[in-house]
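What Swiss-Prot says about this protein:
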type    : residues                                : note
BINDING : 7, 8, 9, 10, 11, 12, 13, 14, 15, 16, 17 : ATP binding site
BINDING : 187, 195, 198, 201                      : Zn(2+) binding site
């Protein structure tokens, strides 16, 4: 069975790739450039991960309209990337409004063309930034949208294997599957050394600490988030 990976190049999409490959799917990978600060580094990670897993069928999409819409510190350079507060329950400024719905729509279009029946996305609801389009209920609803909005003979399902996992469990799963974490990129701010203090870096560093593992990428600073 053919499956599409929505592969950002981050640690969650990397581990999702490892899971899908282990499950025996014929993989095609999609990456979306949307004007984010770390666009080139994420694209490099996407290509490295695809090469590692010998994924030949790839689609790189330019969706810079999300940057033009704005509203996120990932795409609007006038908005600072905030320092992580892992105790906060507020949705951070890094949230890109309704981004995942747009990504999924493009993936469904491609799936119809190439005959893929599954779309894998590394969304995480537990132990995450709290983005509304990373909730299980959102993906359940989107699967209904796919059912209603595609041809009767089309059967495409969005799969979220990490949705209920803690971040440290994702790290452990990646280690178990020999996922190349050194190829992945999570920082919202930098393309050279990861900053270590943005929300995404903090969640990643805490996850590796809780898993008892050393994160292989370079950081400007490595705060300890184990008590956060």
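Heads up, the Cβ atoms here are built off N, Cα and C, so glycines get one too.
Quick caveat, the model's predicted, so the values are computed rather than measured.
Of all the binding-site residues listed here (7, 9, 11, 13, 15), 11 has the Cα closest to the Cα of residue 201 (Zn(2+) binding site). Residue 11 (ATP binding site) sits 15 Å from residue 198 (Zn(2+) binding site), counting Cα to Cα. For the pair formed by residue 195 (Zn(2+) binding site) and residue 7 (ATP binding site), distance between Cα atoms is given as 22 Å, rounded to the nearest Å. Neighbours of the Zn(2+) site: apart from 187, 195, 198, 201, residues of the same chain with C-beta atoms within 8 angstroms of the site's C-beta centroid are 81, 186, 188, 189, 190, 194, 196, 197, 199, 200, 202, 219. Each of 49, 122, 184 belongs to the same chain as 7, 8, 9, 10, 11, 12, 13, 14, 15, 16, 17, is absent from that list, and has a C-beta within 8 angstroms of the C-beta centroid marking the ATP site.
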